[in-house]
Each structure stands twice: as structure tokens, then as C-alpha cells.
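If you check Swiss-Prot, you get these features:
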DOMAIN    233-463  domain 'ABC transporter'
BINDING   Gly269, Pro270, Ser271, Gly272, Ser273, Gly274, Lys275, Thr276  ATP binding site
Amino acid sequence: MDFFSLNKIIKPNQKFTSNEAEFLQIATDYLEESQNYLQKGLKQLKKEYKRSIIYNPNLEYKRFVKWKENFTETFESYYDRFFITKYNHYSLSLLFSFINEQIETVIASYNSFLNEHNKLAFNKVSFSFEKKLFEATQQFNNLEKNTAISDDLPLQFKVRTTQLKAQRERELKNLLNKIKLKNLSEKKQEILLNNWFNSNERLFLKNEVKKVNWLNSPRQKQQAAQIDDQNIIELKNVYKYITNGITTNAVLKGVDLAIKSHDFIVILGPSGSGKTTLLNIISGMDRASSGSVIVNGYNMICLNDRKLTKFRQKYVGYIFQQYGLLPNLTVRENIEIGANLQPDPSKRISIDALLEAVGMDSLQKKLPNELSGGQQQRVSIARAFAKNPLLIFGDEPTGALDLEMTQIVLKQFLAIKKRYQTTMIIVTHNNLIANLADLVIYVADGKIKSLHRNLNPKQVEEIHWI
């Protein structure tokens, strides 16, 4: 069976369009073409390996379909992201690149599955007990690699994990003896093996869910930590696990990181790499499952939800990817909400100056539903700036902005950082923004793959943006 490739998905050679309706149609057609290709590929895998456990490809395909539905429903809010004001047209190259990030994740899971099965040294027969056993064993090995670990875990969870492994091995030994002693049909062998796998997988995951739920609750430890004069943020061996109540997944895996005060930090990485989770943990939007997270002297893993909220109110400004504006308040009132979170009036940044800087002064009486996605993003940015917090975090803060406004906003980022000595940390897919950063963090597969410190960060006008 051939490997899958992005190049096999048909897309137009057209690079841009000035027609909004045509842009929407091209996007819709490409999304449908992509889903059809991925759906057909998944069916081929299931047909070719019908007796295999096609776990990751199936999971990634479902994730893509859900993302596509959400993207299609909110497509209008993304217009500014792909519109090049200077040339007055929509960039199809930017559109395809954005969609392809999601497609490539699914294709990678398909090809990884193919590659793994091509290496299996078993002959193709209608049913091979040895092959099926190997696959089931490999699946348990993969589950155990993803098991939740922490020195904080109560002994009962560790004991239960050991007991389940011993039980699984004991039941498998009994199953093999039964098959050896009795002349069972291939169908009966397959049923017995599937029952063994499903039963033990269910018990394993049930225990993992309990572990993750415990790890994601606040710890009973000293909340204050020694403040580092140089590093405002320090992470040591940080893990983050998530669960939907049925399965679990490690999103961050053993992250170590130190961030200096007053730096501008850019976090890069592919979709699903864990970069937004990392941002949420260091900003107090979420708690780590294990490890040490010290932010401005606070031991974040020990703070309950109420104390995390107080921490954010006191120290943090956050620019959300989906804007997070209050729908019944005007542009100005939304920004005032941010300013009023700063208890020291002398530290607040002028709302009038911010409105002018982000080009929203003439729209300050408008409600969010009267604004485009890019305009709402500008309000979200101004709201975070108005508070003049110690730390500013942004999840794709320029993602909905056109090229011209992106440059204006980034200049504001750097100006506020310089004037108020603010520490700024943003997640972005735009690699060019990394040229402005003091430190660039590249995240992949839940780990920090590289750290790069720019000794001479560039200014916005020094970057070739097109």
C-alpha cells in the first residue's frame, strides 16, 4: 500500500483572489477535497489491515473533521488573517498553508501506521495469532509509554498500576496455554485474544483516568517560592496530562525552561505540539500535572482555581485566540475592563492612546458583533495592554490581523516591553515574528526541542514581511 502525501490532494494553482465569494468557495472546495482524500485513505487502511488496531489514524481523522466543522462555521472571522491589505486581495497560499497544517498531522499518523506495519516480520495470512498478539502487545507498550507519572502520586495508584500489569501478563500466559492445549479454530483464537486485550485495556485506562484527575488537582504544598532576580518563570520536569474521562494523553513531557524578566518570548511549533498548553500553564490559565512551575515566586501547581484567578488578575494580561470579548460591552468598555484590573491607576496605559494605536478610535462605541475578526482581535490586544501587567501572554495574537495591522501591533508590543519592562510571551505560527524575540522556543511532541536566544533582535521595520 502506498504512503499518503499532501501532493495527492488537488488544489488550484491560483495564488490569490480579490473576490470574497470566490475565496470562500475555494476554501470550501479544498476542505471537502481534503476530507474526501483522508476519509478514503482511512477506509483503505481499515480494509488492508482489517484485523489491526487502527487507533491513531482514526483518532486524527476524527480530530480533523471536528476542526474542519469549527473552521467552516467561523470562517468569516479568519478573513483578515488571509487578506493582504497592501495588494487588496486574499492570499490562497496563506489559506492552503493554514489548512495543510491540519491535514499533515492526519497524513503523518496514516504513514506512521503504514511504516510500523511494513516492518512487521509476519507473513500475510487470513489470520495470524502471532501477528495479532504482537500488535496488541505493542499497543500496550504505547499505552504504558504515555502513563501518568509523578513522585507526588499516592502509593495506591502506583500499586494498582503494578497489579494490572502482573494481571495482564498472567492472563496472557493462561491464554497461550489454553490455545496450546486445545485445538481451537482461528476464529476462536481471535475472539479470545480480543477479549483479553479489550478487558485489560479498559482496566488500564480506568486507572490512568483516576491518576490524571488526581494529578490535575492542586497540591497541598507551600504556595510561595523564592523569587529569582533574573528568571521570572522557571519550569522543571513539567508534565501535563489530559483526559476525556475514557482515555488520557500526555500533552507536555518533561519540560525544563527558564525565562528571564523583561524578555519578549516567541513559542513556535506545529499544531498539536503542546505550545498552547505550555502557554496556559505558565500564565495560570491551567495547572501542570506534575513538576515545578514557579512564576514570579508563586508555586503554580499548588494554587487552586480561585487563587489562579487572583494571580491572573494581579499579574497577567492574556490575548485569546478567540478574542474573549464581552458581547454586551462596547469596544471602549471592553478595554476599560482590562484597565480596571490594574489596582494602581498610575500604571494603567491610556485607553485613548491604545484605541488610536490599534486603529479602533472611530469604532470605540461598537459592540463586538459589529466588528470583523481582525477588529475584535485588536480590541483584545488593547485590553491586555491597558492593564499594563507584569506579564502579557498571547495565543496567536496577530493571527486574525492583516499584514499592515500585524506590523503596527508588533511595534506596540515592543514599545510597551521597552517602556514598562514587561515580560511578553506569545504563541504563533508566523516564523518571521521570531526575529523580534529575545528567546525563541520550539515545541514538538510535548517537548522543548530547541531554545534560541537572539543576541540582536530585529525591529519590525527590519523584517521583509512578504
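Keep in mind that glycine also has a Cβ here, set from the backbone N, Cα and C atoms.
Same-chain residues that are not part of Gly269, Pro270, Ser271, Gly272, Ser273, Gly274, Lys275, Thr276 yet have a Cβ within 8 Å of the Cβ center of the ATP site turn out to be Val443, Ala444. The average per-residue pLDDT of the prediction over the domain 'ABC transporter' (233-463) is 91, rounded to a whole number. Applying an 8 A CB threshold to same-chain residues 6+ apart, the list for Gly272 (ATP binding site) reads Thr105. A simple way to gauge crowding: the CB of Thr276 (ATP binding site) has 20 other CB atoms within 10 angstroms, across all the protein chains here. Shown are the binding-site residues Ser271, Ser273; of these, the residue with the fewest other Cβ atoms within 10 Å is Ser271.
Of the listed binding-site residues, namely Gly269, Pro270, Gly274, the sparsest CB environment within 10 A is found at Pro270. Remark: Lys275 (ATP binding site) has Ile267, Leu268, Gly269, Val427, Ile441, Val443 as non-local neighbours, by Cβ distance under 8 Å and separation of at least 6 in sequence. In three-state terms derived from DSSP, Thr276 (ATP binding site) belongs to a helical segment.
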